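Okay, structure first, notes after.
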Amino acid sequence: MAEKYILALDQGTTSSRAIIFNQAGETVCMVNQEFPQLYPEPGWVEHDPVDIIESQISVAKKAIEIASINPDQIAAIGVTNQRETTIVWDKNTSKPVYNAIVWQCRRTASMCDQFKKLGYEDTIRKKTGLVLDAYFSATKLKWILDNVEGARQKAERGELLFGTVDSWLIWNLTGGKIHATDYSNASRTMLFNIHSLNWDEELLELFNIPEQMLPDVLPSSTVYGYTHKEIFGVEIPICGNAGDQQAALFGQICCEPGMVKNTYGTGCFILMNTGNKIVDSKHGLLTTIGWVLNDKSMCYALEGSVFSAGATVQWLRDGLKIVEKASDTEYLAKSVKDSAGVYFVPAFVGLGAPYWDMYARGTIIGITRGCTREHIVRAALESIAYQTRDVVEVMSEESGIKLHCLRVDGGASANDFLMQFQADILGVPVERPTVSETTALGAAYLAGLAVGYWKDHSEIKKQWRLDRRFEPQMDPETREELYKKWKNAVTRSLGWVEK
């Protein structure tokens with residue numbers, strides 16, 4: 001009998017990817033295709049939903065072809081996606097009524113301010129675990145219904161459907177048969193009650209959203225449906241589904257309460273598994289659903305985001321032009337023994353958790369005549385580690401769980417200097433796995449578990465392989481002195497822009 005594989009569809013903000021995994025959890029083949037970003041007005045970000053589905057199907061077919069396997073050798077498909085991005089389409093024609101409004105889009109910021117003035121911030125946080133912000137789906141969906149001609153009337157007649165990107169993919173892959181999402185994606189809409197695990201009637205009324213347009217909410221690991229035969233020539237079960245950061249948490253096998261992963265991308269996404277316990281954050285962390293397995297076992301998570309990580313390195317390269325490529329930062333940082341007292345607070349667009357100061361701005365402080373580009377580069381990399389500690393400290397305090405180890409992935413996790421400094425400033429080991437595609441791997445694991453491709457958690461747990469473990473080498477006194485100065489530098493950047 002021919003060997004079977006799992007196909008993960010990883011639909012991101014700038015590209016669609018398809019990755020095929022074997023039973024050992026190893027990458028057999030990966031295909032990536034970028035698609036256009038649309039900026040119709042300042043602060044607005046959109047995608048064409050047709051680009052999303054076409055690019056995703058294209059890379060899936062190419063991956064099967066490059067791997068030299070037959071479509072019937074795919075045991076299951078797992079889906080993972082950019083979260084919060086909002087799509088509304090016609091139930092009968094499957095045509096979108098408007099472009100996808102992307103998670104980064106700020107067009108509904110003033111709408112959020114109005115709801116804050118009306119005093120709904122606390123209600124929304126208690127029900128959804130989220131802060132009232134344009135980042136999430138609710139106000140994006142309301143904007144489409146309020147601004148696209150005829151949309152609200154059609155929605156009230158039951159003719160329109162809403163979904164995050166996973167729902168749009170599943171709808172199209174199943175030929176319009178399945179309109180569903182999973183608990184992790186639902187928890188990012190600002191319409192889902194994370195306590196009752198249902199769409200919240202009070203919030204639907206508040207945002208004026210007809211309930212009939214919302215998808216069914218299913219476990220992250222269960223059979224959703226089957227691909228339409230015309231796509232791959234055979235029907236393949238779609239069995240795994242989770243938002244990208246939750247999928248990465250699962251792919252890192254952070255399955256025990258207290259386990260934490262950090263994805264170092266443009267920003268950082270730090271998630272802590274809190275088990276079946278909902279931790280109500282008082283310091284601006286998000287409480288979110290990690291995943292729900294088919295046996296209804298539940299994982300909640302705390303999430304903190306750092307706005308500028310890889311973006312800081314990009315600025316060194318493209319703005320200051322003091323490095324030619326991002327990878328140069330490692331040897332430049334290592335070429336000096338410390339940052340010579342220089343601190344870099346990369347508040348280009350304000351600061352995220354736990355400060356939540358949109359009026360903060362970037363600062364490089366502690367400069368003397370002896371300061372060189374190497375010191376500035378080193379301070380920039382160190383800032384990523386300091387910001388991660390800021391989030392992790394709040395997570396530990398609010399969850400009551402002490403961090404014992406940090407698992408890492410994403411582009412900047414390849415930087416050995418940064419990973420060593422991260423271990424030093426946290427005072428705990430940092431573990432980097434051999435498989436860097438942890439988001440796709442998480443979706444693959446969720447799909448494979450649903451069809452028995454992998455037996456259970458313990459089987460996939462054994463597959464997590466260490467590339468390198470960075471042990472802390474800094475003495476506690478130095479660590480705390482450096483961190484104290486970082487906090488001092490941050491206070492200088494807060495509230496810089498006058499309101």
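Heads up, residue numbers simply count up from 1 along the chain you see.
Backbone N, Cα and C define each Cβ position, glycine as well.
Predicted, not measured: the structure shown is a model, and the values here were computed from it.
Among TYR39, TYR120, TYR135, TYR300, only TYR135 appears in Swiss-Prot as part of the glycerol site alongside ARG83, GLU84, ASP244, GLN245.
Listed by Swiss-Prot as binding ADP are THR13, ARG17, THR266, GLY411, ASN415; the candidate from GLY225, GLY310, GLY366 that the record includes in that site is GLY310. Cβ neighbour density within 10 Å is lowest for SER15 among the binding-site residues SER15, GLN245.
Under the DSSP three-state reduction, ARG17 (ADP binding site) is assigned to strand. On the backbone, the CA of ARG17 (ADP binding site) and the CA of GLY411 (ATP binding site) stand 16 Å apart.
Of the chain residues outside the glycerol site list ARG83, GLU84, TYR135, ASP244, GLN245, GLN82, THR85, TRP103, ARG188, GLY243 have their Cβ within 8 Å of the site's Cβ mean position. Applying an 8 A CB threshold to same-chain residues 6+ apart, the list for THR266 (ATP binding site) reads SER308, ALA309, GLY310, ALA311, GLN314.
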